[in-house]
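Structure record follows, encoded as structure tokens.
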């Protein structure tokens, strides 16, 4: 059931007045159970009775709302596979940009925001457009998913409002952050903050009820967001094939919940839960299979075989009734593995056919907000304390994998370029110079900041969701300067004068 009502697994077929009656019966049954517990406990005296009452009170206060909000796949939308929109490029465009924003809380969002402002300051090859208008695909994880999703929904115009709507806000004020017995119990039960925390804040302040269906407008970049699927110990990409494998409707799923799943640090947040509708799928296997067709791949890579196996398990595993989704940074801290996964599906992914046919160049820009090196733990022989040890060890695991994923993207980009050229030249009405196509990979990283005082200041912002205005200005300014100073960026976009910045982007 949705909402915060009691769970009634034996009443799934009850409707209308019968459901109300069943809920009342269930409530009375639970009340009777509580009274029996109290009666048993008080036999040992008033102290034992008081302890029992306190335990019941804590349990009641610690109840979390993790109700699934995804709906079943609808027959009306399964007649044809989901297709990509043509994208925001004009007909004679020659360069497209693919962005990947790493995790790292508000620090990552601020760093990516700075990189986007750098793109917004450089003109495109078309009058009235900037490089920010040439972004075709935007991938994000955890804190980077907040920026990626907002940009995919609002386009370049969103740059004028993102800082005010998110970076300048005290997001953590809406979360449970205190160390109390109730929060400790919530943590033990799966997470301190539930749907009433980050998902509700994101929806109220950033996305305003927007769903994935709202991203199908032709003028918006394609969005790639992923979380970690605990059942498969693997990435879960919020796209049509993944939802079709659950017999679920992607178009109706809230962006706020996808972003919250991508940022759901275990214990701090409860998982975002998805319901698997395959036990009573309202559409036939053929229609469901058509929705899965874009994900079919014969790529021999182990990660691809694991992905295909996960899609099969979603449809066939008898014990997989609900998916529990946590922070996407646990499996892909940069959002690049999700890009690689799409590139392995076959040309022209992750572009649309219209984009891939006419472009001359695609530039991948990886915006890495991880900080890797530094801290105070090495000043003395003592330490680190438990928190520093856990944070440092987790960072080491995630950041090491991230370095490998950048190398993997660079290698995959070369193979993807060759695959795309073959696809272009095999088209019936291909361009005469269909083989004229280049791919560039740019990476900017906060870890490359060499100034010691800045490094220490950046380290202090580890995974926070609320930053001071001066810290936002510092990190956003670094994102802007590191991108414009990158040699590959300068070579590819040489000779393009800077455009005037809007008031929101001019603030530092």
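Note that Cβ sites are derived from N, Cα and C of the backbone, with glycine treated the same way.
Copied over from TrEMBL, here are the features:
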- 142: active site, nucleophile (ACT_SITE)
- 327: active site, proton acceptor (ACT_SITE)
- 99-340: domain 'PNPLA' (DOMAIN)
- 140-144: motif 'GXSXG' (MOTIF)
Nearest-integer angstrom distance between the alpha carbons (Cα) of residue 327 (active site, proton acceptor) and the residue listed as 'active site, nucleophile': 6
Neighbour-count leader, CB within 10 A, active-site residues: 142, 327: 142
DSSP-derived helix, strand and coil totals, residue by residue, for the motif 'GXSXG' (140-144): 2 helix, 1 strand, 2 coil
